[in-house]
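Asker: Below you'll find the structure I mean.
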Amino acid sequence: MDKFLIRGGKPLNGTVKISGAKNSALPCLAAALLTGETVTLHNVPYVKDLITQRRLLEDLGATVLTPELHTQKIKAANIEIYEAPYELVKTMRASVLALGPLLARFGQAKVSLPGGCAIGTRPIDLHLKAFERLGATVSLEAGDVIARAPKGRLTGADTFFEKVSVTGTENVMMAASLARGLTTIRNAAREPEIEDLAELLNKMGAKISGAGTSEIEIEGVEDLGAAEHVIIPDRIETGTFIVAAAITGGEVEIENCQPKHLQAVIEKLRETGVEIETRGADKIFVKRGDPGLRSKDVTTEPHPLFPTDMQAQYMALMTQAEGTATIVETIFENRFMHASELVRMGADIQISGNTAIVKGKTKLTGAPVLASDLRASASLVLAALAAEGETLIDRVYHIDRGYETIVKKLSAIGADIERITENLK
Ligand code: EPZ
């Protein structure tokens, strides 16, 4: 397994370009299953999860051309099977996004029930409940979810999510696009990625309104067609690089980003003393304020509030702030695994249930640490950049899932980081 070797203590300075949003590209690739015509997506990030999603589409029978690294042209004209197999779903939960499109277009879908992952059980019961509201029959057989639409087509209905679910909202929005009649999604997720998917679906001929609010209306149509779409920038990668500049005391310009997609993160980081200046619609300039960082409490909530995907990165930053910060994680039940690794590097963090108490400022010292999930890995990289001495981060395949060429991007702004590839003899 690959490792990162990082020698910390160097302020980051320079310009970094943000890649396309992983969590928008994943549903947008799945949306291409809704039509037999070509869907062209630009600004698709070159990360492991998208390679997995592309493989899933090809396993289903779609053809995927990549005329250049960040463009995918998908043509799902000859879909022969309607099943997302276990070996794919177990590596990437977002494969469940194939459910809605397959069910809507072909009247049937079989998707391995995703197991839990490091950060929590992550069920899909709310997805399935909503599909049943749309008239589907759903059964569980040998670990697979089997969904069928009677007479081959779903019927629009009023659906409600008792918990806000990002991929749940996306799955139902895609399924309802081809249903007969009107569908309403209440208590819908409001993430920018939902709006991006709705924009693609409407370009394909869908009739969706309200995306980005907690109530979305979808008027079903007979079929969907070709479209071309540019994926929005990754707001979590943007937030991660803002923290990288702040935690190392550097000055970094971040390009190709959308500051309005991470307002809660920007406001919270400003409160801690990070100077963040937005320059135009797609640029941010970041530097750590002179008096240093101050501890500020944060609670993770669905968009537009502070995102759970920035919690681990924020925790790393709070180890370098003066005071005590209380971090409450309300979305996932086990998303503090980075804390024990940060403690190995010298952080003072007490965990009690879904609450972490971070006392700062503590001196971080490089140490061998273990990545456990995508955002925990980012947290360890950030701490290593601020730490004195060498940090060896193992299992960095986690970070490769969602950060495009992070070693190259960090090195280009002054980080001393290298990837150590273990050749298994
Ligand atoms: C999406 O996951 C993101 N992934 C996650 O990003 C992100 O952390 C999460 O939303 C929350 O913002 C993608 O978009 C591909 P949820 P998702 O359904 O959709 C519970 C990353 O780091 N729930 O919004 O799987 C669930 O257990 C990843 O890029 C049910 O109980 O998350 C969780 O506690 C990690 N039943 C909460 O709701 C369901 O049917 C929110 O989950 C669905 C969800």
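Every residue, even glycine, has its Cβ placed from backbone N, Cα and C.
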Asker: Have a look through ARG93, ARG270, ARG279, ARG288 and flag the one TrEMBL assigns to the UDP-N-acetyl-alpha-D-glucosamine site that ARG122, PRO123, ILE124, ASP125, LEU126, LYS163, VAL164, SER165, VAL166, ASP309, ILE331 belong to.
Answerer: ARG93
Asker: Would you identify which of the binding-site residues ASP125, ASP309 has the most other C-beta atoms lying within 10 angstroms of its C-beta?
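Answerer: Result of the Cβ crowding comparison: ASP309.
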Asker: Across all chains shown, how many C-beta atoms besides its own are within 10 angstroms of the C-beta of SER165 (UDP-N-acetyl-alpha-D-glucosamine binding site)?
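Answerer: Other Cβ atoms within 10 Å of SER165 (UDP-N-acetyl-alpha-D-glucosamine binding site): 22.
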Asker: Sequence gap of 6 or more, Cβ distance under 8 Å: name the residues on the same chain that satisfy this around ASN23 (phosphoenolpyruvate binding site), in order along the sequence.
Answerer: ALA94, VAL166, GLU191, GLU193, ASP234, ILE236
Asker: Below 8 Å Cβ to Cβ and six or more residues apart, same chain only. Which residues does that give for LYS163 (UDP-N-acetyl-alpha-D-glucosamine binding site)?
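Answerer: Listed in sequence order: LEU126, ASN187.
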Asker: Counting other Cβ atoms within 10 Å, pick out the least crowded of the binding-site residues LYS22, ARG93.
Answerer: ARG93
Asker: Across all chains shown, how many C-beta atoms besides its own are within 10 angstroms of the C-beta of CYS117 (active site, proton donor)?
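Answerer: Result for CYS117 (active site, proton donor): 17 neighbouring Cβ atoms inside 10 Å.
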